[in-house]
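Have a look at the structure below before the remarks.
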Amino acid sequence: MDSKDEMRAQSQQAEERGLEPTTAAMDQLALSLPLGKKRAGRGAVASGLTHECGVFGAIATGEWPTQIDVAQVICLGLVALQHRGQESAGIVTSEGHCAKNFNVHKGMGMINNIFTDDSMKKLKGNLGIGHTRYSTSAASEEVNCQPFVVHTAHGALAVAHNGELVNCESLRKDVLERGVGLSTHSDSELITQALCLNPPEGEVDGPDWPARIKHLMQLAPLSYSLVIMLKDKIYGVRDPYGNRPLCIGKIVPLTIGAYRNEKVDKLPAEGWVISSESCGFLSIGARYVREVQPGEIVELTRDGIKTIDIIDCPENRRHAFCIFEYVYFARSDSIFEGQMVYSVRLQCGRQLAREAGVDADIVSSVPESGTAAAHGFAREANLNFAEVLCKNRYVGRTFIQPSTRLRQLGVAKKFGALSENVAGKRLVLIDDSIVRGNTIGPIIKLLRDAGALEVHIRIASPPLLYPCYMGINIPTREELIANKLNAEELAKYVGADSLAYLSVDGLKKAVQLNMAVKKPEQVGHCTACLTGDYPGGLPDELEW
């Protein structure tokens, strides 16, 4: 019996006893593996997926001191990125004239609890960067809060990082061998210290920061988006594969008012922002300009923004933007590759209806991440969309519950059923993904208790089969329910009348349908968690 058959047998035995597969054995196996040890400091996650971080930067243009409250802009920008990390956050600002000291405030928890009126008053500055974090390679502790600040011979340097270095061990050895000490196991601190190393070609008259950044990018090809702050400028960096998102916005005068059809390059700039996602731009008076290109280094100063360099993919490989940004992680109003995430999710639902249609009365979703796909499914299948689940917004995330039974109760507390919409209906319920399979079963039971005649589950993404080593919390194959049960078995296990996933080709088709493509030969998306095709090669080749 191979390992997959053994896991299925264990799952079926658990089902016969009326139990869910426990995560304890999975956790023990994960920790016995080298990769599991690397991730041993993460918070325990029992359901769903968690992203790693969001980064944000802002700089005022023109004469300083600025009339723009840069710290408030950054704080609001981080609030818009809160979905990317809820464990800790930090803001670092500079007034632009002193290279020795930055203003810093960091802490554990949610952004609104960390940045009080008193702490915001201390964050004076004309430029700054911020970060909101979910731990990946280091423990959820205050010492690992970002942005990291180091004091070099040439002044202070602050770095915020989104992603996870795939070759962190070899880079760590390189940095330590050069006499640099590290105080944490964080990839982000490692990046910060690596930027302090002299580039191979040497330097004349002080540090050549673009050369240092380029050197880092050659040492570590993925995965990261970085915002790097010096005394009076900010650098934005995206890895050569473009695996993690990063985009640029322009702060425009409030007198311009509501959004109109003027081209953004014609509007005057009161400042510039750089962010993991564009979703918060309008709320801070900014307009979306463009994405930072894969491998691009951009420089933001009081005079504007310019491209410093673009580093090509190793061996001319295709770009590998994380396809799960479209499926799950990004906010629906963000823009990637020239298209809004909501529109892509709508297309995923349409494609899902073509591939896995079913006779039913209504279509609904698990709110809110599955809603756009559910609307697309309903339109393509010519069925009515109706809400069937009411979400309680005052219940904590289900992954913090300490046992399977309490997690199930957590789901029950998190959702209520709209029985008038459900009773006597054959229902198609759309969700964006299934990871560990802990939450969908209780939801189905809730809907059946409310009177649903049939519940057909449709997943607007392919089955998750492989771990991610680039910043997403999918540490081991053993945790993924799709490696234990096929769609038919999973439907029986969770109590659905049927269950079907979107195909990998269908997902790619939906994502690429309306993309703004300049160089088709370079376009690519990372599907490693779905296919096992890692953009930089197999894990052992990358010293994971």
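Each residue's number is its place along the chain shown, starting with 1.
Glycine too: its Cβ is placed from the backbone N, Cα and C atoms.
Whatever TrEMBL says is automated annotation, not expert-curated.
Positions annotated as region 'Disordered' by TrEMBL: 1-23. What TrEMBL records for 1-19 is compositional bias 'Basic and acidic residues'. Sequence annotations record features per position, and here TrEMBL assigns active site, nucleophile to Cys53. Positions annotated as domain 'Glutamine amidotransferase type-2' by TrEMBL: 53-303. Annotation source TrEMBL lists [4Fe-4S] cluster binding site at Cys322, Cys468, Cys526, Cys529. The Mg(2+) binding site annotation in TrEMBL covers Ser369, Asp431, Asp432.
Here the features listed in TrEMBL are painted onto the structure.
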residue : record                        : CB count, 10 Å
Cys53   : active site, nucleophile      : 28
Cys322  : [4Fe-4S] cluster binding site : 29
Ser369  : Mg(2+) binding site           : 21
Asp431  : Mg(2+) binding site           : 20
Asp432  : Mg(2+) binding site           : 26
Cys468  : [4Fe-4S] cluster binding site : 21
Cys526  : [4Fe-4S] cluster binding site : 28
Cys529  : [4Fe-4S] cluster binding site : 28
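Comparing the Cα of the residue listed as 'active site, nucleophile' with the Cα of every entry in Ser369, Asp431, Asp432, Cys468, Cys529, these being the binding-site residues, the smallest distance points to Cys468. Within the model, the domain 'Glutamine amidotransferase type-2' (53-303) shows a mean pLDDT value of 90, rounded to a whole number.
Same-chain residues that are not part of Cys322, Cys468, Cys526, Cys529 yet have a Cβ within 8 Å of the Cβ center of the [4Fe-4S] cluster site turn out to be Asn243, Ile323, Phe324, Met470, Ile472, Thr527, Ala528.
Between the CA atoms of Asp432 (Mg(2+) binding site) and Cys529 ([4Fe-4S] cluster binding site) there is a gap of 15 Å. Taking the mean position of the Cβ atoms of Ser369, Asp431, Asp432 as the Mg(2+) site, the remaining same-chain residues with a Cβ inside 8 Å of that point are Val327, Tyr328, Ser365, Val366, Gly370, Ala373, Ile430, Ser433, Ile459, Ala460, Ser461. Here the Cα atom of Asp431 (Mg(2+) binding site) is found 21 Å from that of Cys468 ([4Fe-4S] cluster binding site).
Cα separation, Ser369 (Mg(2+) binding site) to Cys322 ([4Fe-4S] cluster binding site), rounded: 17 Å.
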